[in-house]
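Per Swiss-Prot, the features are:
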type	residues	note
COMPBIAS	1-13	compositional bias 'Low complexity'
DISULFID	C47-C70	disulfide bond
DISULFID	C51-C66	disulfide bond
REGION	1-24	region 'Disordered'
MOTIF	47-70	motif 'Twin CX3C motif'
Amino acid sequence: MSSFFGSGAGSPSNDMTARKEQMKQSIQQELAIANAQQLINKINENCFAKCVTKPSTSLSSSQESCLSQCMTLYMAAFDQVSRSYVARISKERGVAPGL
């Protein structure tokens with residue numbers, strides 16, 4: 001009988017842990033999507049302002065080239081900042097438990 005009651009007592013805790021993990025993953029995914037949307041909006045805003053000085057019905061080849069280069073540089077800078085941030089957070093988490 002103890003195994004019957006024992007399995008019932010552990011189940012709600014496991015359900016709660018699973019729900020917390022699922023919620024955490026869902027929030028992380030939503031944040032990643034929001035960050036990607038923000039990055040795309042910033043790229044569009046900044047690169048368009050820089051490269052398209054005289055809007056017309058189509059882009060010139062120089063405007064297309066400028067937009068492509070601007071986007072590439074913006075993405076590379078964002079990637080570098082993201083890697084540095086993740087490394088710093090990982091380092092801080094590694095140091096925090098030892099305090």
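Placed from the backbone N, Cα and C atoms, the Cβ positions cover glycine too.
Around the Cβ of C51 (disulfide bond), the same chain contributes Q63, C66, L67, C70, each under 8 angstroms and 6 or more positions distant in sequence.
Taken residue by residue with DSSP, C70 (disulfide bond) is part of a helix. The Cβ of C47 (disulfide bond) has C66, L67, C70, M71, Y74 as same-chain neighbours under 8 Å, each 6 or more residues away in sequence.
DSSP classifies C51 (disulfide bond) as helix under the three-state reduction. Confidence for the motif 'Twin CX3C motif' (47-70), expressed as mean pLDDT, is 94. The Cβ of C66 (disulfide bond) has 18 other Cβ atoms within 10 Å, all protein chains considered.
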